[in-house]
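Here's the structure, in structure tokens; my notes come after.
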Amino acid sequence: MKSRLSLAAAAALLALLLSSTQAQNPVNPPSDLRFKILNENTVQMMWSRPQSRIQGYRIQVTSDTEEPTKEFSLPASATKTSISDLSPDVDYVVTISAYAGSEESLPITGTITLQSSGSSSGTSRKPDASDSVKCSYSAIADVAFLVDGSWSVGRPNFKYIQKFISATAGAFQVGEDKTRVAVVQYSNDAKAEFNLNTHMTRPALLRAIGSLAYKGGDTMTGDALNFVLQNTFTEAAGSRSSFPKVLVIITDGKSEDSVESYARQLRDRGVEIFVLGIQQADEAEMKLMASTPYRTHIYNVATFDAIKNVQKEFIAQVCAGVDDQLNSLISGEEVVEPASNLQVLEVASKSIRVNWDASIGEVTGYKLQMIPMMAGSKRQELYLGPGQTSVVVRDLSPDTEYQISLFALKGLTPSEPVMVMQKTQPVTVSLECSLGVDVQADVVLLVDGSYSIGLANFAKVRAFLEVLVNSFDIGPNKVQISLVQYSRDPHTEFYLNTHHDLNAVVKAVRTFPYRGGSTNTGRAMTYVREKIFQANRGARAHVPRVNILITDGKSSDAFQDPATKLRNSDVEIFAVGVKDAVRSELEAIANTPAETHVYTVEDFDAFQRISKELTQSICLRIEQELRKIHQRRLTQPRDLHFSEVGSRGFRATWENSATDVESYFVQFKPADDTDGHYVSMALPGETLTTYIPHLNPLTRYQVNVIAQYEKGDSLPVTGYETTLEEQGPVQNVRVSEETTDSFRVSWQPAPGAVTRYRLTYEPVGDESSRLETTTAGPETTTVLQKLQPKTKYRVTVSPEYPSGPGVPVQTLGTTKEAKGSPRDLRVFDETMSTMRVSWEPAPGNVLQYRLAFRPSAGGPKKEISVKGDNTAALLKNLQPGTQYDIFVTARYSSGLGDPLQGQGTTLEEVGPPKNLVTSDVTDTSFAASWTAAPGNVKAYQVQWQSPFSDEFGEKTVPGDSTSTVLDGLTPETLYKVSVVAAYDRKKQRPAHRTGNH
């Protein structure tokens with residue numbers, strides 16, 4: 001037997017898939033969603049009504065900004081509405097679904113964007129083709145997105161990633177028992193934006209994706225994969241062991257660390273990896289991460305706005321991957337082997353015997369379902385032991401077809417059923433009660449002989465009585481007949497033990513006289529009870545007793561009390577009224593139901609019309625009463641009592657002195673459920689106790705235990721027991737949305753009628769600081785506030801029931817460190833190759849500061865680190881005359897804070913020109929030349945002066961020149977010449993030369 005997954009996990013997954021399949025698309029969605037701009041902040045949306053019957057529509061409008069989500073409902077008659085208060089240049093996702101009762105259709109989605117011009121040229125966007133891609137309803141998985149948030153992505157492009165995640169996640173049915181979604185963003189380090197167990201509804205998930213904040217930093221994909229391996233696909237984060245797992249990686253560049261090992265470990269754990277590469281993503285690296293085949297797991301686009309070109313196919317492949325994983329999981333499950341060869345061997349009107357061959361696997365029992373195909377008939381469920389392969393199912397409806405389903409059970413997990421169809425026999429009542437069984441009964445014919453009948457009609461009464469008595473097999477050990485005629489007083493024509501064969505009875509019926517008088521029906525019934533149904537007049541114990549009253553008018557005396565006393569003495573009364581008889585009076589006299597116990601005819605000639613139906617009813621009641629009498633002779637179980645009472649079951653135990661019990665039949669149902677069907681259990685005859693499972697909490701149950709013998713079933717012993725209130729612990733307590741002073745605690749609900757939940761929390765090791773809060777009702781999430789930063793808390797969640805507290809469950813949660821940014825970045829002491837920076841310290845316990853700097857115009861980035869108690873650093877080996885972008889980031893034990901950004905510029909490289917010489921001397925001029933000064937010289941200032949006179953001159957030469965001619969000089973005069981290099985900031989020391997003209 002295959003055992004890739006645990007049996008419980010297989011059962012949970014199969015049950016979930018079956019329920020999902022059965023519920024698929026119960027309500028059709030609207031279609032043809034379109035938009036029309038009305039003004040600068042209002043859009044009209046229109047759609048077509050679905051074909052199925054609906055109650056209305058639910059509409060949701062979300063954006064990737066901090067604007068609140070708009071949610072509203074519309075009636076089923078609506079096909080358009082307006083959405084107002086929209087902001088320009090914001091992408092809005094509009095979702096509409098139809099609903100009917102508790103069922104809701106799959107949503108359809110569109111995107112609208114109003115341009116900032118505010119004019120009607122702004123356009124709305126209908127949904128892309130990719131927006132309509134949906135996975136199959138049964139595609140249920142744990143899906144995580146690993147998102148590159150490095151500097152190279154950029155904030156404007158990050159919105160494209162958010163839209164892609166929304167479309168891919170939105171292709172699934174989102175919920176606690178459906179698909180769960182997580183998002184991890186990474187750069188220098190990885191951060192769980194939210195875990196798999198954080199957002200359990202589609203609106204909450206889409207809001208969370210829309211509010212993702214762009215991170216910034218380097219591209220450390222390998223470290224991020226390790227984070228997913230250790231923190232995302234874990235039980236604490238909401239991952240489920242028996243569900244498909246998918247990781248979608250979105251990256252725009254090559255990782256700065258190794259990815260291969262961590263990606264392989266994820267794939268080895270069953271995670272299917274898809275990669276979307278953008279811009280500079282490295283194809284070889286993507287193949288190291290993705291699952292195979294690469295053609296369906298790797299997609300690459302040149303720009304962020306080109307993602308939409310592959311989005312539809314990408315989502316379809318993710319959906320297909322989940323379906324393939326599901327098929328693999330189901331085919332690999334350990335399954336319960338079903339029984340085989342289910343056969344129906346005996347069929348009666350109210351019972352069926354079925355046989356089967358036992359399951360070849362290990363089972364704990366069987367469940368037999370009898371589902372009638374006719375409305376009004378009750379279904380039955382019968383639980384059987386693992387050793388049983390045959391059972392008689394009783395109390396079925398006659399002439400009814402049943403679907404008979406047999407499940408093998410292993411614990412609570414059922415096998416696939418084996419099924420047959422079988423129809424019960426119709427009820428057949430012989431006109432002669434002696435057919436088929438040895439019928440015994442004491443029957444009294446009570447005949448109205450008053451004056452209103454008349455002699456002619458009385459002859460017709462005799463003929464009718466003759467038809468009745470001919471229906472019975474008469475004898476001392478069979479049916480006995482007595483005839484009493486009454487008017488003012490009753491008169492016995494013959495007793496039960498007067499005649500011993502049919503001929504004698506018929507002769508007596510033909511010849512008894514018509515007496516006449518008034519109609520005292522009450523006195524006559526008292527007479528029958530006190531004088532006829534007596535042992536000395538032939539009445540027998542443990543034999544059905546029947547009284548057939550025939551009258552033609554209203555009783556002259558009180559009749560209700562005599563009739564009640566006669567019925568209470570176990571006499572079944574049938575009433576036949578002729579002509580003026582009052583039906584309401586007859587119904588008050590006869591047993592119920594009146595349909596089979598009261599008959600009326602318009603005159604004495606119509607007796608023949610009712611004779612057959614009356615005879616059938618009398619015979620059926622005699623047979624039924626015989627069975628009851630026979631049941632009373634069989635030893636009945638006794639002393640039924642209960643123990644091991646819980647919320648979902650209890651043990652029933654009984655006594656029985658009989659030694660020939662073949663089996664016991666245990667029936668149970670809620671005592672107040674008058675229309676409910678019994679669930680039954682069949683037990684071996686030597687068993688005097690059983691545990692009754694699958695019950696509802698706080699419910700009073702009726703339990704019947706019937707002993708089954710070779711000759712039939714005994715009367716039941718009946719008892720009542722009430723299950724306890726269901727209590728238990730919460731499940732899957734988890735902490736999320738951690739901040740420096742708060743975090744959210746969520747859990748799956750505890751069983752039973754929880755009134756609220758109580759949470760206590762204190763720092764680990766400091767119980768004196770314990771705090772407490774409660775939920776407003778049975779909510780399963782709350783935010784604990786006013787916590788200390790970077791502190792581990794022990795959180796206890798306890799359900800509270802009407803009867804008191806339930807079982808507590810603990811978990812741990814840690815607040816985030818009070819991370820922040822340094823402030824007031826200052827740059828000073830610039831040189832050509834260095835500059836000094838300082839800052840005000842960041843809050844919290846800073847381990848060190850990391851300084852990153854690179855030329856603003858582009859170039860390699862460099863980093864240095866200083867201790868956390870330093871607030872200044874010297875940046876060295878810089879390029880002269882260059883502006884640098886400077887980032888100062890505080891590093892904490894929990895990661896990096898947000899960077900403080902500034903700029904600084906090194907000094908230009910400066911110096912004097914060299915090697916100044918003069919040449920080309922004339923009487924009024926000479927040339928000066930020099931070696932160029934270093935750096936970016938803007939100009940040279942050339943000055944000359946005679947040391948013997950006041951003669952002075954100067955000129956400016958462009959910075960790219962290294963010579964000039966000085967003219968207009970005095971002949972035979974000595975001049976001192978100097979050349980000064982001029983830069984943006986200041987002049988440098990001049991070059992000097994003395995020359996004689």
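Yeah, the Cβs are placed from backbone N, Cα and C, and that goes for glycine too.
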- Range annotated region 'Disordered' in TrEMBL (choices 62-84, 798-820, 890-912) is 798-820
- Note on the structure: Residues outside the region 'Disordered' (798-820) whose C-beta sits under 8 Å from one of its C-beta atoms, at least 6 past its ends, are 725, 727-731, 733-735, 738-743, 745, 747, 749-750, 752-761, 764, 774, 784, 787-792, 842-845, 890, 892-898
- Taking 142-318, 636-727, 822-910, 912-997 as candidates, which has the most Cβ pairs under 8 Å with the domain 'Fibronectin type-III' (338-427)? 636-727
- DSSP tally for the domain 'Fibronectin type-III' (338-427), helix/strand/coil in that order, comes to 0 helix, 49 strand, 41 coil
- Which of 442-618, 636-727, 729-821, 822-910, 912-997 contacts the domain 'VWFA' (142-318) most, counting Cβ pairs under 8 Å: 729-821
- Item | Helix, strand and coil residues within the domain 'Fibronectin type-III' (912-997) as assigned by DSSP | 0 helix, 48 strand, 38 coil
- Note on the structure: DSSP puts the residues of the domain 'Fibronectin type-III' (729-821) at 3 helix, 46 strand, 44 coil
- DSSP puts the residues of the domain 'Fibronectin type-III' (29-116) at 0 helix, 54 strand, 34 coil
